[in-house]
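Remarks on the structure that follows.
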Amino acid sequence: MDETSPLVSPERAQPPEYTFPSGSGAHFPQVPGGAVRVAAAAGSGPSPPCSPGHDRERQPLLDRARGAAAQGQTHTVAVQAQALAAQAAVAAHAVQTHRERNDFPEDPEFEVVVRQAEVAIECSIYPERIYQGSSGSYFVKDSQGRIVAVFKPKNEEPYGHLNPKWTKWLQKLCCPCCFGRDCLVLNQGYLSEAGASLVDQKLELNIVPRTKVVYLASETFNYSAIDRVKSRGKRLALEKVPKVGQRFNRIGLPPKVGSFQLFVEGYKDADYWLRRFEAEPLPENTNRQLLLQFERLVVLDYIIRNTDRGNDNWLIKYDCPMDNSSCRDTDWVMVREPVIKVAAIDNGLAFPLKHPDSWRAYPFYWAWLPQAKVPFSQEIKDLILPKISDPNFIKDLEEDLYELFKRDPGFDRGQFHKQIAVMRGQILNLTQALKDNKSPLHLVQMPPVIVETARSHQRSASESYTQSFQSRKPFFSWW
């Protein structure tokens, strides 16, 4: 996708100077004649004694041999410096191009993390593949080796042609009729991840780690053999023939587009904590915190119609109070209230273009939890109802999602309208459930609704919508 974005224009393809700008990171070998070579490259000072214009007849034979050797060393170092300069210039231009793509002026904190990841990759601290899951995903690190984000490339998704997980390839080969989810748009998982973060921020839920679309290239990503051979060939050409290598649009591996989600520390799988809370019940105030956080997860999953929400792909962070059993009676101990938070990750299988109606229903597994039987609290009503009841807010949300989704090369406007129709129906059901004081369990039992834009031959200032219920149910229904 990046073959058409030249890194070095033909006008800039002249051989570079031998001297480097400060901070380029290049170092010249300390060899005899180095100072003479730099002076000659700069075009200042008299010609060295071994230059062709010097009267060699007056030199002793030993000095002539030394001069010829120094000239040969100077030429070798000059060629090496020229290759290093060309490589540094191309690399700097490539980094600048990636940074222009990965520009997030509206979120400077997120941009700082992306810059840290880019610098780490330049320093050969590459992302590490995550072996769990059904797609190619990677822990992205900073220059200190700390995990700062999770990157999921588009072409390594479960339906991508470069998915490194052989189990999905085997499933696609042996059982194609059961492969994939026909209610989802193929190869848009990275947009679904970023879209879930967008919805989370618009609704002020604050449970999805910030996620955006980012371009990254790394040796540890899964590339085709052709891409790797082309990259090695271009690098070899740049080293051997810098004039030719400078004319390539790109030297390294092609950058991959994908979702870049900030890494959250101190969280564990919800299944771990939920089992522990069954054995060790939480205090009343802490249990109230968990319930409020759980309601935010329900709101997010229901609006985006997440088709892959189990208890193993959302996280809980529980900061237990200080254990003062080992403290003496005379010690003063600061007792703090336990803090519990929820993080909704793995949102790549959301935003369907229709409600599931084929084989599987893809239920919300949190609906079987005890927290799902408690009616929605007044706090979540005050937070969500004013927003989702406002047509202007819904319209702004749709426009923001459109600006995000249209970045995909395979974007289809008709499919996007279907995705939005499903989301409108989910918002309609959620609004009614909150007003009727229902519980999350009652919410998921409501009939699926699709709200489409009504077609009219007359122009009007406001849009009208048509509401329809889905009567067809999946073969394996869960109610």
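Every residue, even glycine, has its Cβ placed from backbone N, Cα and C.
Binding site for ATP per Swiss-Prot: TYR131, GLN132, GLY133, SER134, SER135, GLY136, SER137, LYS152, GLN261, LEU262, PHE263, VAL264, plus ASP346 from the candidate set ASP200, ASP319, ASP346, ASP357. Residue ranges 281-301, 344-364 are listed, and Swiss-Prot annotates 344-364 among them as region 'Activation loop'. Mean pLDDT for the domain 'PI3K/PI4K catalytic' (124-453) in the predicted structure: 89.
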